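Enquirer: Supplied in structure tokens, the structure appears directly below.
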């Protein structure tokens, strides 16, 4: 008696030449009988009907497959020795169990992937998902069998040309590492390394003609990449026909990016010096062959640039911005201190700094009349202890010379009468005059040439507006300098101060710079050519020199809004002003008819006070009006109105009520 166990699966094709078989459902004890119409080596339709037993004797194969993709495993129940039959059945069951587990694992894996990709409901609702999975697996096996000849051809080609391809890719990786290591090193770094080497050192070779190395690397990279691509394309076309071009393109793109570009260049960036020591000498040898070709290409490219009207740059240089980036990187890495970084950046910016930005204004200048005696000069020196004092005639803005305290000591040692000698007699005349638009860099050079330490600053109309000293110039580089005789008041007068009295309340010296106050309040302070200090900002807000006790409300923009960048401009415009602006009440603490000395900034938390105040008028800084008027001279009034609405964040709301001290 023969039987068959039925299992839903996908297997290879085979046929049984019997019409009816005893079937035993896999994993169950009940049996089925089946009828089918056999056809040699083809799928056969089958009809199954339930029955208890149906014993037949026939010749059969071990397995068969029908159009319903059902697999039958045959077993014998008679005409065999019982012991040998048990062994055969045991081996077959173990083999079939392994196959079943493998197939079920594939099905479960497909189901899990389907759940993650399409969702549980879609996967479970798909009709015939298991059968489809088996079908795909079967097709994959068939495709693999059909592809075996092609794979054999590919392996044959790799065996014949693989070494050539590997050599070309290795050369391409070598050139990529060489290029990155050379370009990563700054020119000044190459010069520094070359000075520490002997005459035949690699960095001396690199410093002598870096263009020669870069040209050789460029030509070598181009040649080996083209050769490798052509080799793979030829082999792929011979194997796959026209489809080989696409296959070769995709393969070489991945290979070149991964093996010859990204990986080698990443190694060279992190080990520039070490890689350069290895690659420079081989590249120098290759340049003997490739560089002549490169020179021809260079001349051709220069001719093209000349035709286009462009000029090439012969030697690389480092811009000021690049140098600042290097300084920031060095500071972050700990190579230099933050103070050192600030000093170097100040040196770079000193050419763009004007004398009027560092001078002492005339109102703060301590000067002496030329008709005063040396006794008066001695008394002034005891009080202020300045080594140099400007000397004026009749009025303070008419400075004629500079009096030195060292000369006063000479008169004392000579025993001359101090009362009978005037300051004008001992003053150094004439004084050195400089325009307020002069750069600090040029002023420092003039101080060195003229061997003077003080100059009188004039405006464009020839009026005296202040003095500038060598100490002022040095302080622009190293920061404020104080000596042991400077009092607390003098230090505050020189640098300004910001004292936080309470939450949101700041007492500010009027000499404090706008940048310093903006950083402390984290607000965007309006800036213009009219003022650079808090005193100028306050006078701009009031429109006149305010008296002690007067107050004004100003609307300032939060600094964080400016830092968000242009991407958030549309979002910012949709926000309410109270979300991005802040009101400050500015009160004058000290001052006189000529200037403001101290100011208090008090944060106002209720932004609605702006709309509720009926006695408040909007004031636009003059420089904003000036910019607006330049846009359209024909519609001046309309442009000014639009500018007032557009720069609401910088508007100053002035309170008409004045508080008297």
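Our numbering is plain: 1 for the first residue shown, then up by one each step along the chain.
For all residues, glycine too, the Cβ spot is worked out from N, Cα and C.
Take a look at what Swiss-Prot says about it:
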{"type": "TRANSMEM", "residues": "105-125", "note": "transmembrane segment"}
{"type": "TRANSMEM", "residues": "162-182", "note": "transmembrane segment"}
{"type": "TRANSMEM", "residues": "213-233", "note": "transmembrane segment"}
{"type": "TRANSMEM", "residues": "239-259", "note": "transmembrane segment"}
{"type": "TRANSMEM", "residues": "285-305", "note": "transmembrane segment"}
{"type": "DOMAIN", "residues": "426-484", "note": "domain 'CBS 2'"}
{"type": "REGION", "residues": "559-578", "note": "region 'Disordered'"}
{"type": "COMPBIAS", "residues": "560-570", "note": "compositional bias 'Acidic residues'"}
{"type": "REGION", "residues": "628-661", "note": "region 'Disordered'"}
{"type": "COMPBIAS", "residues": "630-643", "note": "compositional bias 'Acidic residues'"}
{"type": "COMPBIAS", "residues": "648-661", "note": "compositional bias 'Basic and acidic residues'"}
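Would you situate these features in the structure and describe their surroundings?
Expert: Note on the transmembrane segment (162-182): residues 206, 210, 213-214, 217-218, 220-221, 224-225, 227-228, 231-232, 255-256, 259-261, 263-265, 267-269, 271-273, 275-276, 279-280, 282-283 of its chain, located 6 or more positions outside it, place their CB under 8 angstroms from a CB of the stretch.
If one looks beyond the transmembrane segment (239-259) by at least 6 residues along the same chain, the residues whose Cβ comes under 8 Å of a Cβ in the stretch are 150, 153-154, 157, 169, 172-173, 225, 228-229, 232-233.
Per-residue pLDDT, averaged across the domain 'CBS 2' (426-484), gives 90.
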